[in-house]
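What follows is a single structure, written as structure tokens, with notes after it.
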Amino acid sequence: MMLWTANQIIRKFSTSSNFFQNKLKLALIGQSLFGQEVYTNLRKQGHKVVGVFTVPDKDGKADPLALAAEKDGTPVFKFPRWRVKGKPIPEIVEAYKEVGANLNVMPFCSQFIPMDVIDHPTHGSIIYHPSILPLHRGASAINWTLIHGDKKAGFSIFWADDGLDTGPILLQRECHVEPNDTVDSIYNRFLFPEGIKAMVESVQLIADGKAPRIPQTEEGASYEGIQKKSNAKVNLAQPAEAIHNWIRGHDKVPGAWTVIDGQNVTLYGSSMLGGSIPDGQLLEIEGAPQPGVITNKGLVLFGSDGKALMVKNLQFEDGKMIPASKYFSSGDRDSVELTDVEKKMAEDIRDIWKAILSNVAIIEETTDFFKSGAASMDVVRLVEEVKQRCAGVQLQNEDVYMATTFQDFIQMFVRRLRGEDQREEMVIDYATKDVNNMTVKMPWQCFINGRFEDAENGKTTDTVNPADGSVICKVAYSSVGDVDRAVAAAKEAFEVGPWGRMNPRDRGSLLYKLADLMEEHQEELATIESIDSGAVYTLALKTHVGMSIQTFRYFAGWCDKIHGKTIPINQARPNRNLTFTRKEPLGVCAIVIPWNYPLMMLAWKSAACLAAGNTLVLKPAQVTPLSALKFAELTVKAGIPKGVINIIPGSGGMVGQRMSDHPDIRKLGFTGSTPIGKQIMKSCALSNLKKVSLELGGKSPLIIFSDCDMDKAVRMGMSSVFFNKGENCIAAGRLFVEESIHDEYIRRVVEEIKKMKVGDPLDRSTDHGPQNHKAHMEKLVEYCEVGLKEGATLVYGGKQVHRPGFFMEPTLFTDVEDHMFIAKEESFGPIMVVSKFKDGDVDGVLKRANDTEFGLASGVFTQDINKAMYVSERLDAGTVFVNTYNKTDVASPFGGFKQSGFGKDLGEDALNEYLKTKAVTVEY
């Protein structure tokens, strides 16, 4: 994650055209990757680094700052110390002065620098400190921010003086501390990337003569000492939140520990635990008020207040780390026999270990990575080099801590390469509900990189059954950090995972298998759709789920039929040129789906996306996330590789916006309202010009001529409005009925409305279920009130049904004039809006029907084929239904015109939304 963040910062700075006028000669004093990035970006902004002063090589390995500077030819000095017995070493101070710096920049420095050096440059020295000074002065500021449970974290850039972190403030930045933040997460998310930018900004403020010097106040000042392993033992006889803060404040360095079964055990990955305690096996822990519990998710600890927290990983005195859930597991698994190819890979990995552990003569099976001197940056290097050398294997930094010896690492690597760990690692904390004569098992967490896990901030939100307003369960409420992790997983899966290299026919086989699993679970999926979205169960079974299955099967068949073409080109003779095109996937795609057809909209977009070879990050609607998360579970069972599909439940304002802004997403597909679609399009353009397809609002006209089949026109007209409770993007938003049949048509529609059964969506005889959520139902009632005020005639309905839940009466308005609000705006509910048109006035009604900024769908009923063709040619909409309505098919393209959006779902056209065309010309 740290390397990814650094790459983002490099990209952001390198693409900037803002080159400052005033420049300085700088001495960089410090070390680490942070120091390296500050150095790199200061040089990119035109400042001259006249010398880098860093720490000596360790075990033959140079610090990252030294490596970067040496590569650029910048003078590098590696002094072991600057002082002896508190006094500066004259020759070292003199060597420093010779570089002629007029400002010292100290991004991260572990050495004591003499005041002779601090005060020497014209502008003095500035230092980065990872706290909001004067709070948490000292060397372990990030740790203490978390240990004390601070709600805000941040950093200060201050002018160095002869005190300890007491100099005047130049610049400060702060961020919110999430409930489950660790030292690593705050550093990677904020302190590292924002700190680099702030250091560069501070230098320029100094260069421009605009840098402030704000004296530090002593009010609220604090100083804490360095946290070491020896003083990091956790006191378990205190409230759970204090225990949690202590553990996360020491994660990963130096590591909070306790005593279990007579040995020191370090605790990692703490999070507060809400709700019921999972079942598990009791574990006695020294000093704890009550035994812990080993569950399938980790170790549960209890505070003195009776509240609980969960610990994910345990590390023993010999350095071996295990998932806490495996504490009572009986020994290690049997060793796997390596194939010849795997043996060759193992030797390649041995070479990587040798290059990193340059102080070890021979890498033996029992060589321990950390006991041989490896540090945290070596972990990052090992993981990245192995992934680069052995493309397709999914590794994380944590895996190295779990397999510290060479033989254990190779065994873990081979199992991971074969995919043997994938199913074992999938642990699902289901929310269960006995409903519809079955027990429904619903995942509720984020689905990232093949695993279900809590949101990074630990937050959840309720999802509600619209039939009675009751809470179904809590669902993860994702943060920006969750989106970033999901995108990183999808990017890795696309670039180095098996998905990108897979034979297209094999990819199609996985999608066929996924469709089969959806069919196998169709009753459960339909039940989830019904209780979460209010869909009538029979409709959910046939359409919501049924068409989703058809969609995946349809696009599975396309996987091995995607190709370019050869093109004759006209060149000077002799024409010995070949030009052909390639159809290639885009990369990581984002999909944002609405709440009216949660599973079907997922299928419409993601099936084409996956068939084209992309990976995806999908955000379900905040009010209907459950079927998407159940779908995620089925993708693992189908064998879809990790990282290919990621599901991130949460708000549009946070999760959706981050997807729009994310620089590593190459395409965003959205179904929803026109105003939100405009905002998404703007954000996608400003971020990285990502490709966009939008299926937005509609006000679809349905024209009913007097020569129609009246029975069919009434039946299909009812369906055009009331299908799926009116929560249908292509619903007929306005019916135009020819004057001579208008009254008869209205009479018959009212008769049919009165026959509709409004009630429990799980009742097989129900025709009309609840609206999706309370706010939408209230909006529909308000819509009807506006129609009445403007003078339309309310023939039927218009009110909320008096029963628990969010039920709206099927509603009918007539005498609707073109200027009225309800004639122009979409209701997205069970409200039929009817206007008359004069007999025979075909062109007049066409003009009225097209007088809208929307153009999603339309329809016409007539038995005159010439009239039908004439009207269908002139209706300005992406879909035209003739003598039918709502008849979509997986093979037929679907999408709108004008402010109803652009791009297509379904059919061959949908594939092009997720492909790019490359032209290749060869001279032979």
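Numbering starts at 1 and runs along the chain as it is shown here.
Every residue gets a Cβ built from N, Cα and C, even glycine.
Taken straight from TrEMBL:
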ACT_SITE  HIS129  active site, proton donor
ACT_SITE  GLU695  active site
ACT_SITE  GLU695  active site, proton acceptor
ACT_SITE  CYS729  active site, proton donor
BINDING   GLN111, PHE112, ILE113, ASP165  (6R)-10-formyltetrahydrofolate binding site
BINDING   593-595, 619-622, 652-657, 672-673, LYS779, 826-828  NADP(+) binding site
DOMAIN    340-417  domain 'Carrier'
SITE      ASP165  site 'Essential for catalytic activity'
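When the recorded positions HIS129, GLN622, GLN657, CYS729 are compared by Cα distance to ASP165 ((6R)-10-formyltetrahydrofolate binding site), the shortest distance belongs to HIS129. Maximum C-alpha to C-alpha distance over the listed (6R)-10-formyltetrahydrofolate-binding residues GLN111, PHE112, ILE113, ASP165 is 14 Å.
With DSSP states grouped into helix (H, G, I), strand (E, B) and coil, the domain 'Carrier' (340-417) comes out at 49 helix, 2 strand, 27 coil.
Candidate binding-site residues: ILE113, MET654. Fewest other C-beta atoms within 10 angstroms, MET654. The distance from the Cα of GLN622 (NADP(+) binding site) to the Cα of HIS129 (active site, proton donor) comes to 39 Å.
A Cβ within 8 Å of the Cβ centre of GLN111, PHE112, ILE113, ASP165, the residues given for (6R)-10-formyltetrahydrofolate, is found for these other residues of the same chain: MET106, CYS109, SER110. Only CYS729, of the recorded positions ILE113, HIS129, CYS729, have a C-alpha within 10 angstroms of the C-alpha of PHE828 (NADP(+) binding site).
Here the Cα atom of MET654 (NADP(+) binding site) is found 21 Å from that of GLU695 (active site). The Cβ of PHE112 ((6R)-10-formyltetrahydrofolate binding site) has 10 neighbouring Cβ atoms from other residues within 10 Å, across all protein chains displayed. Looking at the domain 'Carrier' (340-417) alone, the prediction's average pLDDT is 83. Least crowded of the recorded positions (ILE593, CYS729), judged by neighbouring Cβ atoms within 10 Å of its own Cβ: CYS729. Neighbour counts were taken as the number of other C-beta atoms within 10 angstroms of each residue's C-beta; across the recorded positions ASP165, GLU695, the minimum falls on ASP165. Fewest other C-beta atoms within 10 angstroms, among the recorded positions HIS129, LYS619, LYS779, are seen around LYS779. In terms of C-alpha distance, the listed recorded positions GLN111, PHE112, ILE113, GLU695, CYS729 place GLU695 closest to LYS619 (NADP(+) binding site). In terms of local Cβ density within 10 Å, GLN622 ranks first among the binding-site residues GLN111, GLN622, GLN657.
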